[in-house]
Amino acid sequence: MDPEVSLLLQCPPGGLPEKQVRAELSPAYDRRPLPGGDKAIIAIWESRLQAQPWLFNAPKFRLHSATLAPTGLPGPQLLLRLGLTSYQDFLGTNWASSAAWLRQQGATDWGDKQAYLADPLGVGAALATADDFLVFLRRSGQVAEAPGLVDVPGGHPEPQALCPGDSPLHKDLPGELVVHELFSSVLQEICDEVNVPPLTLSQPLLLGIACNETSAGRASAEFYVQCSLTSEQVRRHYMSGGPEAHESTGIIFVEKQSMQRLQETEMWPELCPSAKGAIFLYNRVQGSST
């Protein structure tokens with residue numbers, strides 16, 4: 001494995017389509033208030049805003065836990081238990097200098113080292129071209145997280161896509177629509193970052209959930225998506241610029257058959273943790289079935 005990443009959940013071989021996943025939203029799955037209150041989170045946010053006035057807060061889904069049903073049973077195979085959190089809470093917990101202490105305290109107080117952490121759920125894609133390459137992006141030096149490192153296309157599912165406003169309520173977010181947002185958000189991120197047309201992309205298959213240990217175990221759902229374009233066609237679309245072109249400075253293609261040994265190459269240390277998680281899951285869930 002790699003100390004920067006851990007695997008929370010691995011889906012069955014080939015991955016899970018949207019209809020095999022369900023979500024349950026509840027305030028019980030939210031972050032616990034910090035010991036001594038949340039004043040520290042607000043103080044961190046205000047100091048970050050002074051340094052980076054372009055930052056904006058937004059609601060996010062919080063992953064509390066995920067459970068796979070025993071194989072062979074009818075109905076959805078994966079249950080996601082989700083709460084709500086925010087970007088502000090992420091910076092004030094997962095990214096705070098006190099994150100390691102918060103994990104220790106959560107384990108002591110609640111038997112859950114993530115209890116006090118925002119843990120906003122991200123999405124990422126192992127995106128394959130028609131000529132059997134996987135797509136990576138070199139992150140811009142301007143992005144807040146992992147500047148200059150190599151990543152897979154990805155981002156976050158957005159509660160505001162289902163319920164406009166800054167303070168969505170759990171009861172206004174039906175599980176079925178949340179699962180659809182999770183799966184459609186990864187396609188939207190690919191279109192925005194790589195600039196390929198939506199109709200060139202297959203329906204995503206969920207590979208599993210990986211945790212970024214450099215941001216206190218923050219989780220990302222990693223997917224496999226097939227593109228009907230060749231690597232050269234994808235490169236041309238990327239070079240013509242998309243809505244989030246500013247987030248990356250270059251596109252990199254690596255042969256699918258190299259994935260099992262990517263950890264032994266000089267590219268591996270350049271990968272950010274979320275990309276490492278996507279590759280580990282791709283190799284275990286999809287790589288063996290292609």
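Placed from the backbone N, Cα and C atoms, the Cβ positions cover glycine too.
Sequence-distant neighbours of ASP151 (substrate binding site) (same chain, six or more apart, CB under 8 Å from its CB) are GLY124, PHE136, LEU137, ARG139, SER248, LEU271, CYS272, SER274, ALA275, listed in sequence order. DSSP classifies ASP151 (substrate binding site) as strand under the three-state reduction. The substrate binding site annotation in Swiss-Prot covers PHE56, TYR87, ARG139, ALA144, ASP151, HIS156, GLU158, SER274 and rests on similarity to another entry.
In the predicted model, residues of the domain 'Nudix hydrolase' (118-285) average a pLDDT of 93. Here Swiss-Prot flags 118-285 as domain 'Nudix hydrolase', drawing on sequence analysis.
Residues or ranges marked as motif 'Nudix box' by Swiss-Prot: 175-196.
The Mg(2+) binding site annotation in Swiss-Prot covers GLU189, GLU193, and the record cites similarity to another entry as its basis. If you draw a 10 Å sphere around the CB of GLU193 (Mg(2+) binding site), it holds 25 other CB atoms from the protein chains shown.
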For TYR87 (substrate binding site), the same-chain residues 6+ apart in sequence with C-beta under 8 angstroms from its C-beta are LEU55, PHE56, ASN57, ALA58, LYS60, PRO120
The sparsest Cβ environment within 10 Å, among the binding-site residues GLU158, GLU189, is found at GLU158
